[in-house]
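Copied from Swiss-Prot, the annotated features are:
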type	residues	note
ACT_SITE	H78	active site, proton donor
BINDING	D22, H24, D51	Mn(2+) 1 binding site
BINDING	D51, N77, H187	Mn(2+) 2 binding site
Amino acid sequence: MPSTRYQKINAHHYRHIWVVGDIHGEYQLLQSRLHQLSFFPKIDLLISVGDNIDRGPESLDVLRLLNQPWFTSVKGNHEAMALEAFETGDGNMWLASGGDWFFDLNDSEQQEAIDLLLKFHHLPHIIEITNDNIKYAIAHADYPGSEYLFGKEIAESELLWPVDRVQKSLNGELQQINGADYFIFGHMMFDNIQTFANQIYIDTGSPNSGRLSFYKIK
């Protein structure tokens, strides 16, 4: 099992820091929203909660953002499905989840997509940022348990897939996670950004709704 990858980002290096919900191949929508936010790549940072690919029409264009110094991402379950398909040769689950875009690419584009997706073997599962003494932890779906600790070993699947915590929250059973002030997640789709206890869910379903949500850390 691969070890859990954490990364700390120094907020002082940037004018503004935004976290974006699941992009799912909506490159043009992302660019439009960044323009509306007056995002300036030379001094701002954009962090994705993962699931950059699938469903939308421009997954490769979104993956190419990994080459830009102003963009980074944690790993999502859709990136994990793609990597598993490459490693096992069984792409059925990925195809059923929107991975068909890959097979519409030509050979050189497919190789480029593979090379970019392989970056998720090294990109973090969790990003930690502290700004104005407020500590944020960013992961794709959840941070299991009730205590966050930078560097704690966690099974990758527990960060990429679970929805049980948020489902309990929807039923009124709020669960605080200690160790950070706020946790920012995607994965679970809502019409608008939702906050339960100290967990903020920012996936608003861009391919189906035309909504792509951002949370401003700084």
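All residue numbers here begin at 1 and follow the chain in the order shown.
Any Cβ shown, glycine's included, is placed from N, Cα and C.
D51 (Mn(2+) 1 binding site) is 6 Å away from N77 (Mn(2+) 2 binding site) when you measure Cα to Cα. The number of other CB atoms found within 10 A of the CB of H24 (Mn(2+) 1 binding site), across every protein chain shown, is 27. There are 26 other CB atoms within 10 A of the CB of the residue listed as 'active site, proton donor', with all protein chains counted. Each residue contributes its Cα atom, and for D51 (Mn(2+) 1 binding site) and the residue listed as 'active site, proton donor' these two points are 5 Å apart. Distance from the CA of H78 (active site, proton donor) to the CA of H24 (Mn(2+) 1 binding site) is 9 Å. The binding-site residues under consideration are D22, D51, H187. Their Cβ neighbour counts within 10 Å are lowest for H187. The residue listed as 'active site, proton donor' sits 10 Å from H187 (Mn(2+) 2 binding site), taking the CA atoms of both as reference points. With a 10 A radius on its CB, N77 (Mn(2+) 2 binding site) counts 21 other CB atoms from all the protein chains. Annotated Mn(2+) 2 site D51, N77, H187; additional same-chain residues within 8 Å of its Cβ mean position, judged by their own Cβ, are D22, V49, G50, G76, H78, H140, A141, L160, W161, G186, D203.
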